[in-house]
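Trainee: The structure follows.
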């Protein structure tokens, strides 16, 4: 979406093989002739001998969209299948239907579908074919946005993180042959699944987007031409391909493709006068091929950790939409329904430099008319529906009631294990050693947390630790095996990407070397702008008193992600063993050492299974799992989000297990609460924080 505001040896075999393939790959000509959009009148039924004759046709002519020979106004909305559990897809789509929408627009995140090279996932929340068929069943058309870059406030803009481990580095969003080869391999699989669902083939897909807002990023026309050629080779000549760019001359010049082979759509800030921008849009489309389309009409906005929750006025938003629809313009609401960044897939933004880092909340509510929980009984839904109702070709369905929610009360948690105690169970084969720290991606871990371990000789007056480049947040511990506490790690402090300060290490009398532990959390990769190549972990040398510290071990901690469950998994272990036992010593409960906690709550009757929220008010920072499903990150110390949404399909009759990895400090009571409403009232930990506040 547009913004006007701002070690390697484990992967050597794969990447050597990859580049051997690259050497054999023959590329299509950079500026191969592109077939044009259908130029005949919608009422002219003549076809070339190459054109497939079908009963259904969606096309552009006379600066209008035409569906089966009749003028058509797109009144659409973004609804991302990967931010909604499959059990709720139909529920959310029916609410979009009640809003008055006739078209659904969705991105396709490559990283969800290919989390590891060659490992393809199209089941569960990644079952895009089932989602598209459901859209069709419910009478929606679909505008598909397969990227390969999607932005979307999604980790790395939808690119798989393993792209960042390739050496030499591939140039994302460019005509770099190595990058294009990987894109073509991905699209060959994806678009083969999409082709039978094109409108001309009896499916719902009327348009397919090429890249996403490229004019806000680069000016590599060869790259865009390659994508068009790839798309045509898999989807044929009849499908409308489109680009979306911010409504300025500069972004349109950089992001569009000359001629009439690709339709150029625009987006712009809600409240801007739309029709001068639509007039500008015409200059980047062939004559008669520029129906006015706001491909992202912003109903709300995203929120980063540490900001106030973004809110926009309902009447203002509805009035801005009416300015478009009243003159037969088309618009796609971004978002119609936001959903949730489950797992580790939230994205992040940057400000003026790479260190000005702003990770997104777990909630992607977006202040959209259909709220994160599917709620529609709100002023924005009513105001937008009232406007759409005036211009809809059909009467609107009745509005369904909000889904019921329940609070299941307090949940007592028990400490199960210190995070570092898992080290005793990690197979030494899984430990990566290097003289200098290497990135998460190079170690083979794409998400979550990674532990860096080294050692140094004790000094009488302590030491100063400096890590010039840590992505994104590091907790530092030291230990001495000869100490009375058995060498337990002692918390020293936190080093953050956005402050980049040195850290004093205390003096310890230790007859052996002191062990240094740096636990680094990946808080979400940048998804927009020039700093998108966002590797995670320690990305520089580490300095102790000005000297480079060498000799490192990197240890992965496997944790469930949205579409992956690791083989060695503490979450499952704690879920299977939640019986009560004697509480540990109080001093351990309140240690700053990261720990796993587990508890459970019961639901007696199947009819009592409802959506709920887990409140972490009073806790520090961490990750939560319900019945082994990663419901996301919590950080009430930073705010504003205090609670995490738990959809009813995650729950079950009987015992439900909650596992929490608390990285900072637990609530002294060791209690979390299941509540029946979301809570975004947590305050900023400090008004003078170095993290930028909106």
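Just so it is clear, glycine is given a Cβ too, placed from its N, Cα and C backbone atoms.
Okay, so TrEMBL annotates it like this:
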{"type": "ACT_SITE", "residues": "213", "note": "active site, proton donor"}
{"type": "ACT_SITE", "residues": "296", "note": "active site, nucleophile"}
{"type": "DOMAIN", "residues": "65-390", "note": "domain 'Glycoside hydrolase 35 catalytic'"}
{"type": "DOMAIN", "residues": "437-556", "note": "domain 'Beta-galactosidase 1-like first all-beta'"}
{"type": "DOMAIN", "residues": "594-656", "note": "domain 'Beta-galactosidase galactose-binding'"}
{"type": "TRANSMEM", "residues": "12-32", "note": "transmembrane segment"}
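Neighbours and distances for these, please.
Mentor: Over the domain 'Glycoside hydrolase 35 catalytic' (65-390) the predicted model carries a mean pLDDT of 98.
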Trainee: Please report the distance from the Cα of residue 213 (active site, proton donor) to the Cα of residue 296 (active site, nucleophile), rounded to the nearest angstrom.
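Mentor: That separation, Cα to Cα, works out to 11 Å.
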Trainee: Tell me the Cβ neighbour count for residue 296 (active site, nucleophile), meaning other Cβ atoms within 10 Å of its Cβ, over all protein chains shown.
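Mentor: Around the Cβ of residue 296 (active site, nucleophile), 25 other Cβ atoms lie within 10 Å.
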